[in-house]
Amino acid sequence: MLNTPQDHSVSADPNEFQQQGSKRTSGRPNQMSKQSIENQTLASKRQPADEQAVQVLRKSVLQAELEPGSRVTENGLADLFALSRGAIRSALHHLSQEGLFLKIPYCGWAVMPISSADAWELYTLRANLEMLAASLASQNMDSSSSTELLRAFEELANACRKQDRTQVAEADFKLHKTIVTLSRHKRLQQQYRIVQQQIRVYIASSDALTPDFQTFIDHHRPIVDAILARDADLAAKLSSEHNLSEGKKLHRHLLTLESARIQA
């Protein structure tokens, strides 16, 4: 049985961010190069301004170019990405619904901090959603579905061979999202979409704790094989075990960081 942490809420108290060591960035990402900013802006150049802002800010969070817990300003982000303040404001409100930004009363905005309590909530929820998805996907397997699943797995394997952590994290998420899609369960997919951006953040954080790239292939191959074999029970079991194992690893890591911060 899962142990429930005593507190799994995210504080919106500005003092809490100061205690956690968060710093005001005025919209300047951590180690974000000028070339990276230009690439993101050019990639979304043809989109409406509001959509550009959403895409650019989301990518900056997912790639940890905006530090978790760091405070940002609308003006700073607007200057940084050469977008209007209105577009940035709209994007921040949109991304707050995805759980990537947090509105701090009287203080502006902050990138959502990564806490052990949030990790516990997310990995327990994700494990159950994806367990059902894996079971249903295995029952729905046909030639088209198997091709799609194998393509997603091969993308992960290729990213691992390149040893590119950004690509690995994206391919890791895409593989899990593909399994959810192949479940053909619309309401399950709707629920997954609510938390999928947070899942992407936590996958990237968890993957960063795995030094051996071959491990990603070894962990996912049995799940894919079980789905392809249409073994619903095994697919569900392996999916759940994988998500719980990875989630607990990240949870322990965050607890250690939080304990060290308290003692400092």
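The first residue you see is number 1, and the count goes up from there.
Even glycines carry a Cβ here, placed using N, Cα and C.
Noted in TrEMBL for the protein shown:
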{"type": "COMPBIAS", "residues": "16-44", "note": "compositional bias 'Polar residues'"}
{"type": "DOMAIN", "residues": "47-114", "note": "domain 'HTH gntR-type'"}
{"type": "REGION", "residues": "1-50", "note": "region 'Disordered'"}
PLDDT averaged over every residue in the domain 'HTH gntR-type' (47-114): 90
DSSP-derived helix, strand and coil totals, residue by residue, for the domain 'HTH gntR-type' (47-114): 35 helix, 10 strand, 23 coil
